[in-house]
Amino acid sequence: MAPVPPGIRFLTSFNRDQWYRAFTFGLTFLLYTSFHLSRKPISIVKSELHKNCSHVMEAPSESSSSQQPVLHPELDCSWKPFDRNNYKQLLGAMDYSFLCAYAIGMYLSGIIGERLPIRLYLTVGMLTSGLFTCLFGLGYVYDVHSLGFYIFVQVANGLVQTTGWPSVVTCIGNWFGKGRRGLIMGLWNSHTSVGNILGSLIAGYYVSSNWGLSFIVPGVIIAAMGVICFLFLIEHPNDLKIASAQSSASSNQKLHKNWNGVNGHKDLYLQYKPGAKAQSWDTELLLGQESIGVCVPVQQVVVVKSEAEPSAISFMGALRIPGVVEFSLCLLFAKLVSYTFLFWLPLYITKAAHLDAKKAGDLSTLFDVGGIVGGILAGVLSDKMGKRATTCAVMLLLAAPTVCHSFGLGPTVGMLLVCGGLVNGPYALITTAVSADLGTHKSLKGNARALSTVTAIIDGTGSVGAAVGPLLAGLLSAQGWDQVFYMLMTADFLALLYLVSEDLQTSGSQPGIWDPLGGLNTLLKDFK
């Protein structure tokens, strides 16, 4: 008999629950990847919406040997209304409209998501997001030059995209416990950077020839993923157990109908005889040792818990959970830095390194590659140290010099990788592992229905910073890019300040003393 291949042995070593857990991990990863994939095109297309394509061509003159330069204004390919001198402010306003709507909608989204089926809520959000993303690209197809049209599409898209984050975090939090949550969430949260990379590559492929497709293709992708979400997303492990119990009950009913019975009776019986090993202690108490040849009818028993299902937490109740306010304010400034890079880095590379839109978009993906590594590293370190705040604080402290370096020496490959890791690491940790920890805080007494609301509060507050950052970048860049990076460094230190405040409140052995090295010492002991 041939031995079983090692690959098959590996696959069969996992039970059904583990396979479903892995499937949910992968599916939610792909679902939110499509969200970020659909957000990225605007940053790539910016350099195409406003660029000076005027050519000075030499026109030969028959009457004179001198050649006068002739300007061909019809060759200017800036897209109205972004052909004006205040194009940076207009582009910043477009970013602000999306992110402001996203921030406002996020506070409501978590509360609504707690009260609706996650699968249906997320599906509707993805389908409508795909619609509005495609609608932006159709502005190119139908030659739309109205600023109001693009602002409306951005606002609508920002609102419907708020359905994504609370839903996927709640779903992944339902399937994975607190054990090694930092590592799991760090790996899972790389969908943010993966989506940005794919969005940059897709948008960059079409941007020079037909920038409308830079939006239409991602819009179709997120809508298709919405259909997959409706067909396959499992919100909670208990949903499988209920479905399995219903299937088992249906099978028992069929067995009951087909059973001929014992001694002519059509009911199903268990027969107990002396020495039967299957006889339980409860059966002995009921029947006694002297019971011989007793037939006991088997009845289906349904156990109903008397406890009422915990109600969804209120907005103010979520705010009273220790650490929610501090981490929310920290994320406000951390996300300000991250989203400023997200929306303005390709344009900055175009201006600073004098590259075209496609090459600038490709180079900007290095920031997101660093973000993948940074998110995973932050999760591993926080698991080892047991101190999420300390991990974020150290990474934010190290991020400031890399931001300073970026405008001093230009967008180098190494700078983009390191800066992406240090900036996105704390952002990823707070929006995933920290949100899941606070959403299942011990003060909730086992009420897991707060997870979506807590996640929405933290990410909604962070989205306020995400809205303000690109807007300020658009205003400050008119005075020089160095002003933008000074703003980013200030935000980085403010985020660090709120983390110090949180660590002071939760310090254990020596209250009032921030101990960033305590977690580091724990980490070093674990490696010894």
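For all residues, glycine too, the Cβ spot is worked out from N, Cα and C.
Model, not experiment: these values are computed from the prediction.
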- Examine the ranges 188-207, 288-307 and name the one recorded by TrEMBL as transmembrane segment. 188-207
- Check each of the ranges 365-382, 419-436 against TrEMBL and return the one annotated as transmembrane segment. 365-382
- For the transmembrane segment (148-176), distant same-chain residues with Cβ under 8 A (at least six beyond the ends): 20-21, 24-25, 28, 31-32, 35, 38-39, 93-95, 97-102, 104-106, 108-110, 113, 118, 121-122, 124-126, 128-129, 132-133, 135-136, 139, 184-185, 188, 233, 235-237, 431-432, 435-436, 439-440, 448, 451-453, 455-456, 459-460
- Task: Tally Cβ pairs under 8 Å between the transmembrane segment (450-472) and each listed stretch (120-142, 324-345, 365-382), then give the stretch with the top tally.
- Result: 324-345
- Could you give the residue numbers and ranges of same-chain residues that sit at least 6 residues beyond the transmembrane segment (188-207) on either side and whose C-beta is under 8 angstroms from one of its C-beta atoms? 25, 28-30, 32-41, 43-45, 47-48, 172, 213-215, 217-218, 342, 346, 357-358, 361-362, 364-365, 368-369, 371-372, 375-376, 379, 420, 424, 428, 431-432
